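Engineer: Grabbed the feature section from Swiss-Prot, which reads as follows:
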{"type": "ACT_SITE", "residues": "D247", "note": "active site"}
{"type": "BINDING", "residues": "H13, H15, K99, D247", "note": "Zn(2+) 1 binding site"}
{"type": "BINDING", "residues": "H15, L16, R17, N41, H136, L219, H251, A263", "note": "substrate binding site"}
{"type": "BINDING", "residues": "K99, H136, H174", "note": "Zn(2+) 2 binding site"}
{"type": "MOD_RES", "residues": "K99", "note": "N6-carboxylysine"}
Amino acid sequence: MKTLTITRPDDWHIHLRDGAQLTDTVRDISRYMGRAIVMPNLVPPAIDTETALAYYDRIKARVPAGSQFEPLMVLYLTDKTSPDEIRKAKASGKVFAAKLYPAGATTNSDSGVTDLKNIYPALEAMQEVGMLFLVHGEVTDSSIDIFDRERVFIENILSKIVTDFPNLKIVLEHITTKDAVDFVTQASDNVAATITAHHLLYNRNHMLAGGIRPHFYCLPILKRNTHQQALLAAAASGNKKFFLGTDSAPHAKDRKEAACGCAGSYTAHAAIELYAEAFESVNALDKLEAFASFNGPDFYNLPRNSDTITLVKKAWDIPASYPLGDTNVVPIRAGEQIDWQVE
């Protein structure tokens, strides 16, 4: 039987939600991930250090016994985020980054940034203290086609930020296009990107051809096959700028299977297994460990995990749904099989 032992991986982009749902999301992600960068787009969002630390405590209270899982917290940037708040967050030792959500770009982003110039003082402070800048890279102009919003963001906004803040460490989150791959590859060593398992495994045909499959609907939206292939090539290249970020984002079944369904795909139930499938599809299993376990902590200047997990090439059945607080979430690959499992 084929096996693969790798250093324990981390997830550098996940949504754990809050309240009753936390028990289920934390259980899933802590099975084999050592750490996770936890997104702050709650209701209300984690816009200050105090709120982020309270959220940290709620997550830690739900980590199963025996697990060493550690959440890494993120500030939600607003037009009013101050340099002092950035310094306070950095000094806490628990907040590792601040996140740009262009107002209206994705789930719970209404409190986000309306004009980039409003956060320039905060970005100056982040550059000064060494706090990472995480970016949801899509424009929100309704006149821009949804499939072009990442490319336009890179051309019109991100390129300027990189120029204006050359010493700021930036992660372009959940990239979906060849444009993003090329930009990150050519940028300085201070620019990196996360890639999701679902963007490696699927493209827009999977979501739209032969019927609409709402559980593939996420933001940034799945793109055409040529972009999917560029993402696979980047992930499997060994380039240290690309690393694992699931963007696992649970929504209740009835919020997805609706006339106006929510954006987000749930993959925390089988994240590393899905990545193993993706890497195997391009004969690059030997590159999985660096992508999943080395590149992220190296970019964040954190130690790599010291223990290991073992993946086994053995198919298993994915349930039709998983519990999510007082409701249920339909995961990616629901009712189907995944080729790999953690031993």
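Going from the start of the chain as shown, residues are counted 1 onward.
Cβ atoms are placed via backbone N, Cα and C, with glycine included.
These figures come from a predicted structure and were not determined experimentally.
I would like each feature placed in context: is it buried or exposed, what are its neighbours, and how far apart are things?
Structural biologist: According to DSSP, D247 (active site) sits in a coil region rather than a helix or strand.
Long-range Cβ neighbours of K99 (Zn(2+) 1 binding site) (same chain, at least 6 residues apart, Cβ-Cβ under 8 Å): M39, P40, N41, V74, L75, Y76, L77, L134, V135, H136.
Residue environment of L219 (substrate binding site) contains 22 other Cβ atoms, counted within 10 Å of its Cβ in all protein chains.
Secondary structure at H136 (substrate binding site), as computed by DSSP, is coil.
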Engineer: For R17 (substrate binding site), which residues in the same chain are close in space, meaning a Cβ under 8 Å from its Cβ, but six or more apart along the sequence?
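Structural biologist: The list for R17 (substrate binding site) reads T25, L42, P250, L324, G325, given in order along the sequence.
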Engineer: How far is it from H13 (Zn(2+) 1 binding site) to D247 (active site), counting Cα to Cα, in Å?
Structural biologist: 5
Engineer: Taking only the recorded positions H174, L219, D247, A263, which one has a CA atom nearest to the CA atom of H15 (Zn(2+) 1 binding site)?
Structural biologist: D247
Engineer: For the Zn(2+) 1 site (H13, H15, K99, D247), what does the 8 A shell look like? I mean other same-chain residues with CB within 8 A of the CB centroid.
Structural biologist: I14, I37, M39, N41, L134, E173, H174, G245, A249
Engineer: Which residues in the same chain, at least 6 apart in sequence, have a Cβ under 8 Å from the Cβ of D247 (active site)?
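Structural biologist: Result: H13, I14, H15, E173, H174, T194, T196, H198, C218, G264, S265, T267.
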